[in-house]
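Report on the structure given below.
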Amino acid sequence: MKNQDKKNGAAKQSNPKSSPGQPEAGPEGAQERPSQAAPAVEAEGPGSSQAPRKPEGAQARTAQSGALRDVSEELSRQLEDILSTYCVDNNQGGPGEDGAQGEPAEPEDAEKSRTYVARNGEPEPTPVVNGEKEPSKGDPNTEEIRQSDEVGDRDHRRPQEKKKAKGLGKEITLLMQTLNTLSTPEEKLAALCKKYAELLEEHRNSQKQMKLLQKKQSQLVQEKDHLRGEHSKAVLARSKLESLCRELQRHNRSLKEEGVQRAREEEEKRKEVTSHFQVTLNDIQLQMEQHNERNSKLRQENMELAERLKKLIEQYELREEHIDKVFKHKDLQQQLVDAKLQQAQEMLKEAEERHQREKDFLLKEAVESQRMCELMKQQETHLKQQLALYTEKFEEFQNTLSKSSEVFTTFKQEMEKMTKKIKKLEKETTMYRSRWESSNKALLEMAEEKTVRDKELEGLQVKIQRLEKLCRALQTERNDLNKRVQDLSAGGQGSLTDSGPERRPEGPGAQAPSSPRVTEAPCYPGAPSTEASGQTGPQEPTSARA
């Protein structure tokens, strides 16, 4: 144990970061811990004696609990020391194993011991197995073991060498046979050179393989040494854990004895508590009888209140049926209004912009009314939910006897609020009915105006057609007159001797192309010009389409 404690101290010096805050595990520390636990128990003893008039049983319990705590703390410390030393050694050995797999062979055992001394300033500790030191790497026992391993390797190699010699003899005979087949010495030399080159390549490959195998062998030797060290550490940890288990068994026995004593004391306390509990039960029974008398009176009052609530619920159901009928009537009116709106939309598609604006305004009002109807439906659902809540409250009212008066007052207030809301809703329904009636009247007036205007448009179209016919007849007459004037002007140019009186008819003949435009306007004071009449033709259909 002392050698292991020294090893733990050296490991903590080499790796102070791996176990911060842990106490140093040395021979002196291990000897001082029990001595420190004993004064703690002694310190508790006089303190308990100085306490003012404590019972002797309580003092004994405190002393036993303090001693058990000290023992448990000491055992936990020992366990932490074992785990810390073993885990620290494993952490130190882990990176070496990883590095040995991918790197070349490390220096020999002498160099390892030197590096250990350079790091810690102490010689490498020798592990202890079952109270005896394990032989170090430089001891003669280990050298004998290695020599025996080498002798076994040689014995294993001899049959392999014999097999190789037999194989070489066969190859030589085959080579001689091939050389005998050749006729000239030059061919024999060439064959030998080829064979020699092949053997050289094989020899080089074998040397490379030998180097790789040697590296692997050195790595395996290092791993073997490392595993031996870990095995020794595991054996030491096992021995320490066995000792700890024994101490824990002793500690468990003492805990069992304490548990038995506490159980006896608790039984005595339980008997005292039962006697006190019976006395309190008798008092409670007397109080229960008094409360039963009060509860009987409260039940009668609650029955009367329940009858009143039933009457209120029946009245509320009747009012609900009336509201349902009103809503059905509203739905039917809404359907009629929707049908009328569809007809009005079909009729108003061909109206002018003013009619279209008024129609949009009416449609907006209809949408708002629908929205209000939906809000009314939502309020209806909300009222139904409130009714369900009131029924649940009524059931709770029967269960809770003490809070019956408060619940009844709150229910009355809520019923009054509901009646006020219903009155408000009825007023709103009357308002919306009046609005719907006004909108229907406006729609009927618009339809009558449209029919009147359609009749006026038909009369105007008939007048326009008559005017167009008259204009066409006038245009034909004008064309005939123009032709006659042109003929007359052509006959007048032949006689150059004619003077002023013969030139007068040429004036209107020369102005004839421009005169018809002037003559068209006074012919029909009520009719428009030809250009205007030409434009009115396509304009009227557009107005009709609108």
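Counting begins at 1 with the first residue displayed.
The backbone N, Cα and C atoms fix where each Cβ goes, and this holds for glycine too.
Per Swiss-Prot, the features are as follows:
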REGION    1-170  region 'Disordered'
COMPBIAS  11-21  compositional bias 'Polar residues'
COMPBIAS  70-80  compositional bias 'Basic and acidic residues'
MOD_RES   Ser72  phosphoserine
COMPBIAS  143-158  compositional bias 'Basic and acidic residues'
COILED    186-491  coiled coil
REGION    482-546  region 'Disordered'
MOD_RES   Ser515  phosphoserine
COMPBIAS  530-546  compositional bias 'Polar residues'
Arithmetic mean of per-residue pLDDT over the coiled coil (186-491):
87
Ser72 (phosphoserine) CB neighbourhood, other CB atoms within 10 A:
13
DSSP residue counts for the compositional bias 'Basic and acidic residues' (70-80), split into helix, strand and coil:
11 helix, 0 strand, 0 coil
